[in-house]
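S.K.: Provided herewith is a single structure, encoded as structure tokens, for subsequent inquiry.
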Amino acid sequence: RDPEARLASPCLAHLLPPATLAALADSWLQEDCPGLNYVALVSGTAPSQAVLWAKSPGVLAGRPFFDAIFAQVNCQVSWFLPEGSKLVPVAKVAEVRGPAHCLLLGERVALNTLARCSGVASMAAAAVETARGTGWAGHVAGTRKTTPGFRLVEKYGLLVGGAAAHRYDLGGLVMVKDNHVMAAGGVEKAVRAARRAADFALKVEVECSSLQEAVEAAEAGADLVLLDNFRPEELHPTAATLKAQFPSVSVEASGGVRLDNLPQFCGPHIDVISLGMLTQAAPALDFSLKLFAEGATPVPHARRS
């Protein structure tokens, strides 16, 4: 099975520790309402229900975060679509029930999180589809270019969209960047220090700007070489030469990769293509949460006479 064929996989939610979900949900709610919630006196506490509508196309992602937010405010969510579903607007996605003031307290925080996560998943799915369209079978991956405090959501969105999350944090892979090389006094010194730090448990990846640096990194013990900001016409012969000398070294391409030029970076000697834009440039999907009266037919737009 394609390791990136993860759309709609029910297992991905199991990656998220319940305590972490609860802590994140609590922090987001605290940010939105750190003190008095005056509008609660307007909405009241009567049992209420609302429908979640998807109003733009894309991939649904972020159900566990949405659930965790409403759990914090004593509301229950019932889903009509599984994680990873392709959304065709206007789609009825879920129903939320709980006291009116609690439901509305969680509304904006839950919508923000779901919209952002689904946007990342949609962008990731588009990138994977584009790459697969060329016949390339490597890994489309994200980066550490994530929103501070929101990394778990965005990394999870990448996975739902079918991309690889790449390293989650600095402890997931010893990546030697250009500034590390400068600080260490050269590629060989930097890689040997990284190799000692990594020991047997972690892989070492080295960012390189030339074939000479890539060969030096591989000779020093790098497991992966990141060919950064190479033009496609330079990338592929460089990767081919490196692989001929070091067939066990994996090659990652990054820098300047977009959806429109992604096919140019796909090639037989490229193992990973990482794109910061999957998280940095993903537009949020449009969702709304509309209350409706018990027994009435829910509609995506509130109607008032």
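Including glycine, each Cβ sits where the backbone N, Cα and C put it.
What TrEMBL says about a protein is an automatic prediction, not a curated fact.
Residues annotated as domain 'Quinolinate phosphoribosyl transferase N-terminal' in TrEMBL: 43-118. Per TrEMBL, substrate binding site is recorded for Arg108, Thr143, Arg144, Lys145, Arg167, Lys177, Glu207, Asp228, Ser254, Gly255, Gly256, Leu275, Gly276, Met277. The feature domain 'Quinolinate phosphoribosyl transferase C-terminal' is assigned by TrEMBL to 120-290.
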S.K.: Run through the Cβ atoms and count how many others sit within 10 Å of the one on Arg144 (substrate binding site).
M.R.: 16
S.K.: So the record assigns Arg108, Thr143, Arg144, Lys145, Arg167, Lys177, Glu207, Asp228, Ser254, Gly255, Gly256, Leu275, Gly276, Met277 to substrate. If I measure every Cα pair among those residues, what is the longest distance in angstrom, as a whole number?
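M.R.: Taking every pair among Arg108, Thr143, Arg144, Lys145, Arg167, Lys177, Glu207, Asp228, Ser254, Gly255, Gly256, Leu275, Gly276, Met277, the longest Cα gap is 40 Å.
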S.K.: Near the Cβ of Arg108 (substrate binding site), how many other Cβ atoms are there if near means within 10 Å?
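M.R.: Within a 10 Å radius of the Cβ of Arg108 (substrate binding site) lie 15 other Cβ atoms.
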S.K.: Which residues, sitting 6 or more apart from Glu207 (substrate binding site) on the same chain, put a CB under 8 Å from its CB?
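M.R.: Residues satisfying the criterion: Met175, Val176, Lys177, Asp178, Val181, Leu226, Asp228.
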